[in-house]
Amino acid sequence: MQYETPDGLCVVVGAVPGGCRLQQFVARNFREYLGRQSDAMHVNVRHAAAVACQRGCVLIDGQVAVGRQNLFGGEVVTLLKNSLDSLEQSDRSGSFRRGAPRMLVHMPEDTHSPGALGIPSWEGGSTSGSYPGSTHFRQYYRDLQRLLPREDWEQCEQLFMRPVPLSLRMNLSSPQHRETMCELQQTFGTRIEMVPWMKSFGGALHIAPTFSSEEASEGLRLVNMLASAGDIVVQDGLSMLAAAALDPNPGQTVLDLCSAPGSKTCQLLDALSRRASETGDLDAECSALVANDMSAERSQRTWGRARAQNCTSLIVTAADGVQFPQLVDEGFDRILVDAPCSSDGTIRKERKRLQRWKVDSALNHHALQIRLLHRGLELLKPGGRLIYSTCCLNPIECEAVVQAALDQSSSDVHLLAAEDVLPPGCPRGSPGLKSWCVPVPSEDRTGTSSDTTFKVYHSWDEVDEGNEVTCRSAIQRTMFPGRLAQQGSLSSCARFLPIHGPNFGGFFLAAFTKTRPEASDTSSTLTLPGASLGPLAPCKSKMLLTYCRESPDAFQELVNFFGLEGPSMQHLVESPD
């Protein structure tokens, strides 16, 4: 839990077995604030956290934390606001070294070739060194999965090795929208490249890197200031597609099932707030957005980014998305499932991913992705829209998940064509695949780590015939192409690669809807949070029972607020012993 005092920002440490490291805790829980102070952006603030701890900017239970290494549950960590001025001053003097943002902001003045910039060839034959996983990556996606024709893949490889420039999205709901755009144009000038298909959503832009370190530093200061004011959001251009395709309308209930770190949540907030102000309808202002993530720590990051915006009603939750409760009577009007994935489509921002790239990550994520998407479809209102997206390339995390969700859902769930939900002027990308193969996990392959030979299966029957017990525990029937894929039904999905648009990486998107059985209201209303919860397991603690006896009035208020009645209530107050 994070709260603010006159001295600074405070966070209560949760129950962590064995404790946790102070520096790591500070970097994670004060990421946004440290980034704004040190110009390190919100994704790379570990050095700023270390300096804050060393210089007495961090308190533990009101005491200076210099020399402390570990934290324990129940302690209160405070990041002092006024003390952080020293971080900014030391940064200007050059003694504080900023972490490089994952988007390219500054190029050295002596850069005259890709090699000088540290951009390697695909095999790693440059000053940047080699990337051991690049050969496997190429063979798997070019030769086995055949995501693109061979000649197109060669061009794709070259683009994958080039960093993406700084990408910003404008918040149209900000009262200072025009002034912000003018300030950005004045600061960055001709280095700005607008994203044409985001114009109706408030605008988005890429900023080409500069050769001047001072100019780059001043530009980052402006970006951090505008971001902290809620005027802009630092967001990858390709990731804006998911929220744009969801297209929420005023008065609707929206669920972002896997929201952290929050850039898409901020985009959805902006869309709902902007459209509500445009219509001037009081009912339109009753929109509600629920932003959920399984990790309470990551949910705090979402809240930290969203609270600066001029936004509609926002509820931030930390719950398992697979078991997310039915909070809305008929279902949510719009649901975004931006599922956890192997993230191998982001190597333009983090080329080191190629060093550790393996197919195992996709195999490990597959089951969770199906469960998240299936739960999202259960929570979707008839006539509503759900967007499933990942920042990966692997069909096991993309088409196979979509196919499995359709097979497991009722007949009223259908795919929408990507071109029908993407904003006008946006590239279509490649259609979903009709066929793909499933690789044997790395530990089950023969050969050395440099062996480029993949063993793959094309059907579940092949795995069964192989009688490989270890392999069967990692490979599932739902990973293989089935009837829907073979019929071309998955062609409605869209896979984006660097060749499809300027500054693109890898991204996958699928749009779902439910058939509306009959005409009904166009929006849903929130119900009591506990009204739709299933039966609860008996509580092993007597805390609620004691609370019921000691403070019956307060306990009844709690029961009424959460709608805890009947058998569920009995389970909560019963003691098994």
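For all residues, glycine too, the Cβ spot is worked out from N, Cα and C.
Where the annotation comes from TrEMBL, it is an automatic prediction and has not been curated.
Sequence annotations record features per position, and here TrEMBL assigns domain 'SAM-dependent MTase RsmB/NOP-type' to 156-515. Among the features that TrEMBL reports, S-adenosyl-L-methionine binding site is placed at Cys258, Ser259, Ala260, Pro261, Gly262, Ser263, Lys264, Asp293, Asp320, Asp338. According to TrEMBL, the feature active site, nucleophile maps to Cys391.
Rounded to a whole value, the Cα-Cα separation of Cys258 (S-adenosyl-L-methionine binding site) and Cys391 (active site, nucleophile) is 13 Å.
A gap of 14 Å separates the Cα atoms of Ala260 (S-adenosyl-L-methionine binding site) and Cys391 (active site, nucleophile). Cα-Cα distance from the residue listed as 'active site, nucleophile' to Asp320 (S-adenosyl-L-methionine binding site): 21 Å (rounded to the nearest whole number). The Cβ of Cys258 (S-adenosyl-L-methionine binding site) has 21 other Cβ atoms within 10 Å, all protein chains considered. Within the model, the domain 'SAM-dependent MTase RsmB/NOP-type' (156-515) carries an average pLDDT of 88. Neighbour list (Asp320 (S-adenosyl-L-methionine binding site), Cβ cut-off 8 Å, at least 6 residues apart, same chain): Met294. Taking the Cβ of Cys391 (active site, nucleophile) as centre and 10 Å as the limit, one finds 23 other Cβ atoms among all the protein chains shown.
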